[in-house]
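As recorded in TrEMBL:
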- A:12-33: transmembrane segment (TRANSMEM)
- A:53-75: transmembrane segment (TRANSMEM)
- A:87-104: transmembrane segment (TRANSMEM)
- A:110-128: transmembrane segment (TRANSMEM)
- A:140-160: transmembrane segment (TRANSMEM)
- A:199-220: transmembrane segment (TRANSMEM)
- A:249-270: transmembrane segment (TRANSMEM)
- A:276-293: transmembrane segment (TRANSMEM)
- A:300-317: transmembrane segment (TRANSMEM)
- A:329-348: transmembrane segment (TRANSMEM)
């Protein structure tokens, strides 16, 4: 038995980290002469106080769920896929090609095709680094981040020279046909009688993201493949001894991971912009790393962390709309949250652990702490 | 009675103060950020100049995500801001969606055209200004090789490059132009180190005048050019002062004037299509104390003559955007 009960591990540590991050952010806001309480109020009411705010929060969260899951799945096999940015960009290309060149009669047909296109393009972009890792031992951290730049260059070339409508100055594709436009949360929820803001960009992709969380949970913890992935992640040599092929696991994991990152495109490209613009991913691939770290690489954790980052994004936008707090400071707040929940995890964990040891019942013998992962 | 009066008075004051607040103009900066030493900063400069001269205030926001374009537009419009200025072509799509919903709000879009009754579209003839500095570059060059360093490889920057090359060739048909773009991600707008490397590479190929149309990256270009003792050309804002005596000139694009004019004219500003070119000093080349010694009389004469001919229509500078190609390179 560990020193800490599970609830402390999954709820208490992130919560304390979060409070510390917000406290420090408050000090920074105070230092530039603004009121931190009011800032927090604006963030909360702006992001969660109306269906309009929720619409934006969930829109961002949907992006982060996909990229967070992508990093989380790879991390189960101890692969550090930091190429979510490029994989999501390529996923956008897949969505754009499908929406632009296949005349769909209705979005219900366009959506599955777009999901497939996004996943295939994203998976393809993770496949090459995966292959290099599996066969040649080239580390995925190096190759995936390099592939982000290659992806950006390809997209730039295609958008500027090939896909851009000749009359437009903006390096972006033409607007997708109306039949491929996804219903927004307003449309979806009005069917069941729940009023929801019409202006917000959250769309049906949010439900696809929840579905993806469930599928990944089943895959990792309730299938043979998931077991193999986890076994490989815990110990490569033990997995090999058990007859698990490392090459196969690396390839399959990277494909799933890339596919998930690519699927983000149904939200931002198909659901929101309804066209492929340059720089459509906007760092969501990197936020995915923080989301996966904070969510302990578990789908439920990823989901909650994604909502938190969605809140930070939308709350931050409200902050810059309503106050004179510069947008750079909002990045500082986001960074503090990442720092505390991701990197400085042990700072909270160690004292909490000794506290639990202190209050432990005398008969339980303290055991050596689990080796750091 | 007196209480009633007081309350009415208070209500009136409140109404007045909200009224004053409602008339505030607003400006939305594109993703590059307000302090990019170039395009957005010029716009901010225009807004600040207006605020200082009139003592009024304006609302502003720096975007951080694509999804915020429409959000910011709607929020400012619903908050009563009028006029609302947007810097950058990327707003066109969002504005097309939003403009009809707020018929009483005036929108000003810089660098792109949106054809709506309540929108003023301001575009700049960057190719004309680049043509003039291209002529100056060719005349100042001793090696016969000049350089161009662009930011992100997008049509707008190719428009700069194309005008520049035409100007160089007009002054010296045998001149060689080396062209480089800094990158393909938005980071290319703010990468002075890469700008410096590209400048060194161009110098090693013989370039002795380098034109930087690259936002914050240009700071590195100008710095390296000064260090290596060659000439450089700044862009958007007047950057001559950055390295006095080393910056040949700057291709100024008066985004600040466009913003200032919009704010000054207020909600009732004239709508429609506005071209800022050489004829109305929307673009041009900068001469001040810092570069007066570099600009020879021969240069001035040639450039002024070309300018007059462009204004009169005798010389047509090809616009890359018109057919997505450049006749020379």
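Even glycines carry a Cβ here, placed using N, Cα and C.
Those TrEMBL annotations? Automatic predictions, nothing curated.
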Touch test for the transmembrane segment (A:249-270) and the transmembrane segment (A:87-104), at least 3 Cβ pairs under 8 Å: yes
Selection from A:87-104, A:110-128, A:199-220, A:329-348, the stretch that has most Cβ pairs under 8 A to the transmembrane segment (A:53-75): A:199-220
Winner by Cβ pairs under 8 Å against the transmembrane segment (A:329-348), considering only A:87-104, A:110-128, A:199-220, A:300-317: A:300-317
Result, the transmembrane segment (A:199-220) in contact with the transmembrane segment (A:87-104) (3+ CB pairs under 8 Å): no
Intrachain residues whose Cβ lies under 8 Å of the transmembrane segment (A:276-293), provided they are six or more past its termini: 60, 63-72, 75, 82-89, 92-93, 95-96, 148, 152, 155-156, 159, 163, 170-173, 261, 264-265, 268-269, 302, 305-306, 309, 337-338, 341-342
